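Student: One structure follows; several queries about it will come next.
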């Protein structure tokens with residue numbers, strides 16, 4: 001799997017390519033291990049430079065991990081590790097609220113929307129759920145919720161709790177009009193998701209027309225798409241038989257299936273869906289979650305059979321134990337238990353925080369643990385030169401799949417865990433996904449033959465022989481400083497260039513990156529710098545060979561052979577020629593040249609610079625030259641950039657060979673500036689505008705572009721810093737929040753006036769929009785209930 005800026009091969013997946021490099025490389029040092037602190041009077045303190053830098057690093061790291069999870073479908077850290085980062089971020093914000101921006105990860109749900117799919121706005125926000133990782137935390141949460149219910153004063157003895165399995169899949173929002181399925185979207189950031197309608201239509205059990213009657217004229221149905229465990233195993237067996245790499249795990253496979261560009265490919269995947277709630281609706285009144293499940297089933301929608309309405313904490317704990325004992329024998333993977341207040345009136349009274357409902361929680365099971373032998377500890381060199389040790393183990397089945405490798409992060413982690421080569425170790429899958437070595441079984445250490453031995457971190461890069469050193473004084477990470485010429489770093493950068501968040505070159509995958517930079521033959525690889533990527537020719541690839549493991553009836557034999565990668569083998573009757581994938585590679589390379597500026601910035605592998613910062617930079621400066629020439633202060637002033645990213649940009653452009661990449665790409669036709677219409681007035685300079693609902697004359701992207709080219713910021717969330725909210729048809733919770741905060745609300749005519757002539761011209765429209773509130777602008781039935789995505 002891969003972190004957004006960096007790549008890692010999935011540690012539990014047999015790639016059948018011998019490279020010796022499979023573990024992780026991350027750009028930013030984890031901020032784990034920081035304890036929480038009370039925030040009573042701390043909000044009055046002025047943050048020091050160190051606190052501000054830690055905060056900015058945390059924000060960027062959380063964003064990177066979200067990108068890896070939601071867009072790459074490839075998390076690199078466990079849920080628990082992510083939560084530790086997130087809680088540290090929340091602690092700093094509680095102590096220093098002046099640091100909090102409205103686009104902070106703590107104010108958002110989920111991830112950004114991929115540019116590969118059309119963006120669509122949910123009629124009502126899709127919330128996430130608060131996670132707890134121990135029974136003690138769960139008991140505390142329920143006690144707090146029951147105390148809040150008691151304060152409502154409605155005479156209720158205590159809430160009934162709908163308790164159900166938390167499916168490990170991808171949250172999806174279905175939109176039905178007059179009973180007909182018209183749209184399907186991913187959760188995205190909770191407000192806006194990706195349009196995956198054509199792919200969802202391939203899931204046979206999702207009705208395209210609801211059965212029965214009494215369904216609302218318009219209704220959002222929320223649920224989870226997943227792949228059943230047995231079907232996943234059978235699908236992987238078929239892939240192996242066909243000589244293809246198996247999929248890593250059911251959750252990533254489901255998410256990746258829904259993001260296929262070709263629905264015919266999605267149709268081959270054994271996808272299923274369970275629905276668990278309703279978002280926006282017109283004219284439907286259900287009184288409880290369990291009542292809603294009954295109604296959804298009557299309409300022909302697939303609901304989970306694994307739920308119960310329970311009346312006490314003891315019953316909930318019994319439910320958790322019962323399914324915990326058999327979670328790996330269920331029909332599908334789960335990553336916990338969801339507990340919700342069943343009654344909708346009580347849910348509405350309890351309300352929401354900025355991210356999660358106060359009436360629902362997700363309990364995460366502790367990871368399953370097994371024993372296996374640690375055969376060796378090797379190291380991987382990542383995209384930024386970070387050298388990461390990883391354990392090579394006797395393959396063992398854990399949490400539903402066979403694992404043979406696990407990251408050990410850095411040499412300090414190896415020492416802290418106390419593991420030695422040859423030990424019997426405790427292995428688990430953190431979050432039931434990421435393989436993790438917990439520690440040694442000390443009682444068995446003296447019985448090992450040969451005797452165990454200490455791991456010694458290499459002093460030279462295993463890929464290029466350069467002496468290794470810490471990136472900076474006191475840094476626990478050891479790095480290879482030979483960024484330009486190290487073939488391992490180049491391999492990772494080339495793979496990153498092709499990633500979905502950068503140039504999106506589907507034909508340049510992990511194995512292709514190896515073939516281009518570290519082939520078995522020829523001695524001089526086709527690529528010695530990413531600068532020459534767009535100068536590759538078919539002739540350059542004709543003699544490339546890689547080492548690939550032989551298979552017998554789909555089973556790896558342990559023997560390797562040299563095979564051509566980019567060309568067919570060729571026979572006397574059929575000469576060798578470029579494969580279809582190779583032809584696709586050249587087509588996609590040509591197409592990549594016209595990608596927008598922000599994608600080019602992501603492709604450059606500049607530390608800390610992900611899609612969000614790249615978009616902000618492209619919007620603010622418009623061209624690569626302008627970004628290169630900007631001062632550090634000018635860069636830091638851009639909303640969404642800040643001093644850490646600004647310093648990283650200046651440091652990157654200071655290197656001659658970095659500038660050579662940009663210059664060479666530009667010579668080869670890569671787009672280095674976004675088209676700017678100089679005749680468009682900058683009427684929205686310094687303004688933040690939020691668009692919600694459907695506008696007759698603008699698509700969502702057109703409205704956003706209209707704001708950006710006039711100097712404004714198009715935001716996805718409403719806060720006290722929002723200048724205007726533009727409300728179209730089916731405006732959702734953003735309109736409610738705007739009214740609560742007193743933010744001016746514009747209709748479409750007011751929006752056009754704002755675009756044309758600025759704030760003064762829109763004032764009358766805002767007043768008129770406010771006067772129209774009683775006429776039903778943005779009205780919704782009282783019983784609208786926003787369903788969190790599980």
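Even glycines carry a Cβ here, placed using N, Cα and C.
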Student: State the residue range annotated as region 'Disordered' by Swiss-Prot; the candidates are 1-49, 50-98.
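Tutor: Swiss-Prot lists region 'Disordered' for residues 1-49.
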Student: Which of the recorded positions 166, 461, 464 has its Cα closest in space to the Cα of residue 340 (NAD(+) binding site)?
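Tutor: Smallest Cα separation from residue 340 (NAD(+) binding site) among 166, 461, 464: 166.
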Student: Kindly report the helix/strand/coil residue split of the domain 'BRCT' (679-768) according to DSSP, in that order.
Tutor: 38 helix, 16 strand, 36 coil
Student: Let me make sure I understand the structure: which of the recorded positions listed (166, 187) has the fewest other Cβ atoms within 10 A of its Cβ?
Tutor: 166
Student: Give me the CA-CA distance between residue 486 (Zn(2+) binding site) and residue 129 (NAD(+) binding site), in Å, as a whole number.
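Tutor: The Cα atom of residue 486 (Zn(2+) binding site) is 43 Å away from the Cα atom of residue 129 (NAD(+) binding site).
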Student: Given the recorded positions 166, 461, 464, 480, state which is nearest to residue 187 (NAD(+) binding site) when distance is taken between Cα atoms.
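Tutor: Going through 166, 461, 464, 480 one by one, the Cα closest to that of residue 187 (NAD(+) binding site) is 166.
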Student: Of all the binding-site residues given, 461, 464, 480, which residue's CB has the most CB neighbours within 10 A?
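Tutor: Within the set of binding-site residues, the most crowded position is 480.
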Student: Reported as an integer number of Å, what is the Cα distance between residue 464 (Zn(2+) binding site) and residue 129 (NAD(+) binding site)?
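Tutor: About 46 Å separate the Cα atoms of these two residues.
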Student: Fill in the CA-CA distance, residue 166 (active site, N6-AMP-lysine intermediate) to residue 129 (NAD(+) binding site), as an integer in Å.
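Tutor: Cα-Cα distance, residue 166 (active site, N6-AMP-lysine intermediate) to residue 129 (NAD(+) binding site): 11 Å.
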Student: If you count, for each of the binding-site residues 340, 486, the other Cβ atoms lying within 10 Å of its Cβ, which residue has the minimum?
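Tutor: Least crowded of the binding-site residues 340, 486, by Cβ count within 10 Å, is 486.
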Student: Average the per-residue pLDDT over the domain 'BRCT' (679-768) and send me the rounded value.
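Tutor: Here the mean pLDDT over the domain 'BRCT' (679-768) amounts to 82.
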